[in-house]
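**Q** In case it helps, TrEMBL gives these features for our protein:
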DOMAIN    173-282  domain 'UBP-type'
BINDING   197, 200, 217, 230  Zn(2+) binding site
BINDING   207, 219, 220, 221, 222, 258, 260, 263  substrate binding site
DOMAIN    325-816  domain 'USP'
ACT_SITE  334  active site, nucleophile
DOMAIN    628-669  domain 'UBA'
DOMAIN    688-728  domain 'UBA'
ACT_SITE  778  active site, proton acceptor
């Protein structure tokens, strides 16, 4: 463009040009509607008015929506740098339970690049471009461009905390007991060597209590190794909170310190003086024992789970193209990556968010980064189009870069006490969270098509039989996944497991390394897991309305309907007696085809007598005010996917002990017959509805009385109130809640419907977990696509040579044609 015409060319657009101010979000790393970046061939266009970034395919959309026509075009050209000699050295040993830090697992390839930047001003339609830098730009325009280039991008701000809290088993907080730790003046002096547990003969995994100097053994590990829990028992008897692991103390100030009171590894800034109290000179100490992180790494390598699940040692052939797009790990996002990859293999999700993408994008506005439909559609297109599934240019035998689901993760985690953090999470909990927000989005923004999560929904029938009277009670509830127990007592190789464990124990007792090419795990069949689920179990202290007293009942659980797609979770995780998370190391035989006809619920039989429900009316006459509950705990529990009624019961019956105690209560009482029975409620009390919440709900077409009732049952939480309305059609349509015209359509408030069909299924995907608990470790998924099994390990996508079916955690079965 000629300089003489520059002023005239730019003049019509300058009034729209803004300079970024503190607090303005500048989206200069990635398109709001696609995964185009400045590194894409066509670059990224940043609006000089809104600072929103768009790929070339979506700039016209923004122009038409806003009228803004002037953009900063960012283009980065990536050039491969030759590897230096140091980068060609053998792979380093993993020494830290971490990803992306020194000594930890590498987050990405060591291949290095340099970038050439070519920026310009772009005016639409056209675009007409002015190459930068340019000496004759108007001051306002120059300041806007420099402000955008200098600004911290919105995407970087979201990702920064993820990179700072990259999965690290050694990332610890300072203990609140450290500064004022009480230490006894009991004359104890700890020798520099020759340590042994004061209560047993253990000479490894020893912990020095920093209050009284007692040396005791640590906890027993899930594989049977470790200590005898004497250090923990000492804390329970004395209340002395801090202990340091002997052998991990080094002169550089590092050591493993555990706080029993805080139930976590911690930092003790005063460790040097605490050790000096017992005669230990920290400056002269050398590390002689493995840290807890190193022990867990060894443990994982010993059991072979990591290698098996990731198919380590095999030359996996990378795959590229539609459906083979990897998802980059943002730091502890492997749980999200695995669940999302599997969800977008389901036709109902593809139809809703990929096939309907045109309509979704047409409706998108400048708040697209906060729109669930838009971000799901963006993710679907990123994964399924194949546009970003390309080998890295100039690099041999390399996987793709994958796409970064940063914007999506920020949106779906917003406001959630766990998914908004950068900590590792349980894939099952995230799946249920995704199902919940997808369903909620469909209710608020209904479409002609049904909700995509309907493919997973099925009905569970529970039959309770009073053993005193023989009378029965049937209840049915909707579910979206089927958790099944893993009955170790049915293992087919009990003797082999016993011998393996004895050999390992003997070797470790002798101080000899124990090596085995093949770890011996208990072998259980999936069929035995199903049988354990539907086996009748006794329920003690069951209140039977048939005899108007407590008695014993038999509970039987079966499936009333069978969905098109069935999620099956193996319940491998639980809490030990000392509240530490444990994982069963078990191999479950997984058939590729299953027939669940034996689990079909029969319903009431002609010769059965139903229990009277008069007790309900009797209880209603004795209603008193509901005890105060911690709304934060209730909200956290509901967002994990638990029913509101059960969450309130948990908060009340744990007497305000906090989220952890309430979660444990739910885990222990999920099978109770009164699990979903409302606590003594507040119908007799006075309730004041939040007027803003009432207005928001009324805007959806509900009457004021309906809105007030919904808010009353959800503690004035508008989001949960909307869900409550749709899930309680009978209550919301009662006489005292007659809907005001125009009312929500009858179909929206009708009884829930369930897809049903033949109960024969074939395996199409599974998610595996590596590590000792859901709070640490790594997830990958395997998906059957185009007739072959494919492994998705974050950004790496490859043909699976030996899918580890028996080591999965969450399986997806599809109804057989």
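Placed from the backbone N, Cα and C atoms, the Cβ positions cover glycine too.
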**Q** Among the recorded positions 197, 200, 217, 334, which residue has the fewest other Cβ atoms within 10 Å of its own Cβ?
**A** 200
**Q** Summarise the domain 'UBP-type' (173-282) as counts of helix, strand and coil residues per DSSP.
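**A** Tallying H, G and I as helix, E and B as strand, the rest coil: 16 helix, 22 strand, 72 coil.
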**Q** Over the domain 'UBP-type' (173-282), what is the model's average pLDDT?
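**A** Mean pLDDT across the domain 'UBP-type' (173-282) comes out at 89.
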**Q** Can you name every residue in this chain, apart from 197, 200, 217, 230, with its Cβ inside 8 Å of the center of the Cβ atoms of the recorded Zn(2+) site?
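**A** Apart from 197, 200, 217, 230, the close residues are 198, 199, 201, 202, 206, 216, 227, 228, 231.
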**Q** Residue 197 (Zn(2+) binding site) to residue 263 (substrate binding site): how many Å between their Cα atoms?
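**A** Between the alpha carbons of residue 197 (Zn(2+) binding site) and residue 263 (substrate binding site) there are 21 Å.
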**Q** To the nearest whole angstrom, state the Cα distance for the pair residue 230 (Zn(2+) binding site) and residue 219 (substrate binding site).
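**A** Rounded to a whole number, the Cα-Cα distance is 7 Å.
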**Q** Taking the Cβ of residue 260 (substrate binding site) as reference, which residues of that chain separated by at least 6 in sequence fall under 8 Å from it?
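**A** Residue 260 (substrate binding site) has long-range Cβ partners 231, 232, 235, 236, 241, 242, 243.
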**Q** Among the binding-site residues 207, 258, which residue has the fewest other Cβ atoms within 10 Å of its own Cβ?
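**A** Comparing Cβ neighbour counts within 10 Å for the binding-site residues 207, 258 gives 258.
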**Q** Sequence order is fine: just name those recorded positions in 200, 217, 334, 778 with a Cα within 10 angstroms of residue 207 (substrate binding site).
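**A** The recorded positions close to residue 207 (substrate binding site) (Cα within 10 Å), listed in sequence order, are 217.
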**Q** Which residue, of the recorded positions 220, 778, has its CB surrounded by the fewest other CB atoms within 10 A?
**A** 220
**Q** List the recorded positions among 200, 217, 219, 263, 334 whose C-alpha is within 10 Å of the C-alpha of the residue listed as 'active site, proton acceptor', in sequence order, or say none.
**A** 334
